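In what follows, a single structure is set out as structure tokens and then discussed.
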Amino acid sequence: MMKYFFMLSLIYKFSVYFKFLMLLNLFLVMNLFDFNYMNLSSFYMFDEMSYFLTMLVVWVFSLIFLIFNGANKLYFYFLIKSLNLLLVLIFILVDFFYFYLFFEVSLIFMFMMIISFGKQFERLSAGMYMIFYTIFPSLLMLLGIYKYYDFCSDLVLFFWVNQSKSLFISLSFMLMFLIKMPIFLFHYWLPKAHVEASLEGSIILASIFLKLGSYGVYRVLAVLESLLNFYKIYFMIFFLVSSVLVSGFCCLQVDLKMLIAYSSIVHMSFMMVALMSFLKFGYFSILIIMISHGLCSSGLFFLVNLIYQRLLSRSIIMIKGLISIMPGLTMFMFLMSSSNFSCPPSLNFMGEFHIILSGLKITNVFMVFIMMYVFFSALYSLMMYVCTQFGKMDVYMKLDIYNLEFLIIMLFWLPLNMIFFIKFL
């Protein structure tokens, strides 16, 4: 009973954040069934995609304020609040140039967060990898924006009037976002950044920053549809094969953070199948996947950090028998792992089901790759759960989760599963 009273006191302590979230959720439910566009001004606009991603930003950053308990709080809050503002602006800005500008500025703040709050010296190389992977595509994209503006004198992000058949514009727009997602062959910076970043940095990277890439692809596909439509089969095959290959890489990982980072690449690659189908329910599925992956991967990173704090290891080889010393964590590890491989009733299940439908709508040949993807996704998620929770651990004390940790992981898991039911009320 005392646990629940303590949780209520925590909620009261952070009442400003939770009241704001409750109001936003009420607004969400009111607009869930009839929500197309909301014009805030000539510079800002909401549609369904930007609205839900803004909700995700507010939710995740509110939880980060609950999580952080380190030194140098003033500098940390400056970075977090700046990133929060920048990311909200990115999702609601109308002009493509300002979208690009804030997109790049947010990368600088993320770099500062990795090198400032990471634990190991290798955080510097991880930050440099992230910067150098995006410098050349950023300049290329700036040239592409200039060429497109010269072509049609219009950079409205929500309503593209003219479609471009220029190969240079297509490459310049797509390359930057595909690296940011990232997809296979452009992914090397992400595992390094996750491993060296702090918990808060990993959560922001997984839940929000990867969504900037997929959100950007979603916006620019309206411009490039006439050109990419001829090659969509090849793109879809590439993304399906990529998701299967990276799923195989996940099965070989021994570092839990690496495994979750590679699983993010798997989900982003599989999501691109729906984007390249150019189907309406395919677009619906990417919104679901972005929200669900943001919550699920953040929750998994939080759980792995709890294990690391108690056992000082993230190695699957070293961590055994957590069910005997951390039974509360075992329950949440199972719930998050099952959501990670799209077990119903999670949002991941709804999103990936629609992705499979959009792929099979193009050709039934994709079924072979889809079956392999589903098998490997379940394999590495269950491997992560079984290998860490069962076996013999030479620790004879209880190291279970605390009340605040219980509250935080519940706030990651509940919206990941409860929104599934709200949609069908």
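Positions of Cβ are set from backbone N, Cα and C atoms, glycine also.
If you look up TrEMBL, you'll see 12-30, 50-68, 75-93, 99-118, 130-149, 202-221, 233-252, 259-278, 284-308, 315-335, 355-380, 401-422 (among others) marked as transmembrane segment. The annotation domain 'NADH:quinone oxidoreductase/Mrp antiporter transmembrane' is assigned in TrEMBL to 95-375.
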Recorded stretch, among 99-118, 130-149, 355-380, maximising Cβ pairs under 8 Å relative to the transmembrane segment (202-221): 99-118
Result, the transmembrane segment (233-252) in contact with the transmembrane segment (284-308) (3+ CB pairs under 8 Å): no
The transmembrane segment (259-278) vs the transmembrane segment (99-118): 3 or more CB pairs under 8 Å: no
